[in-house]
Amino acid sequence: MAGIELERCQQQANEVTEIMRNNFGKVLERGVKLAELQQRSDQLLDMSSTFNKTTQNLAQKKCWENIRYRICVGLVVVGVLLIILIVLLVVFLPQSSDSSSAPRTQDAGIASGPGN
């Protein structure tokens, strides 16, 4: 009887030992997986930092391009308005040689007319 009970205790001890070995192996695998996960998370953190810097640089570059574009468009609009203004001034303002000689001719004609 003592031999049977001793064998049963030995068998239970062997089962517990096997379970403990399996658990220890699983703990080691878990540690390896956690280390890999930590490494990947560090890589993702570095990549996100790089991505953030890249997007900020790109946003700043696009902002300056937009400012340059608006300045160019503004200069073109001002240039076109100046050309239109110059054309209108030339067309609608009488020229000094034509305007000064035309009234003198009329005044001279009136003064030397038949009534004098």
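Here the Cβ of each residue, glycine as well, is placed from N, Cα and C on the backbone.
As recorded in Swiss-Prot, the features of this protein are as follows:
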TOPO_DOM  1-72  topological domain 'Cytoplasmic'
DOMAIN    5-65  domain 'v-SNARE coiled-coil homology'
MOD_RES   Ser41  phosphoserine
MOD_RES   Ser48  phosphoserine
MOD_RES   Ser49  phosphoserine
TRANSMEM  73-93  transmembrane segment
Count the Cβ atoms, other than its own, that fall within 10 Å of the Cβ of Ser49 (phosphoserine), considering every protein chain shown.
10
What whole-number Å value do you get for the CA-CA distance of Ser48 (phosphoserine) and Ser41 (phosphoserine)?
10
Where does the mean pLDDT land for the topological domain 'Cytoplasmic' (1-72)?
95
With helix taken as DSSP H, G or I, strand as E or B and everything else coil, how many residues of the domain 'v-SNARE coiled-coil homology' (5-65) land in each class?
61 helix, 0 strand, 0 coil
Alpha-carbon spacing, Ser49 (phosphoserine) to Ser41 (phosphoserine), which is rounded to whole Å:
12
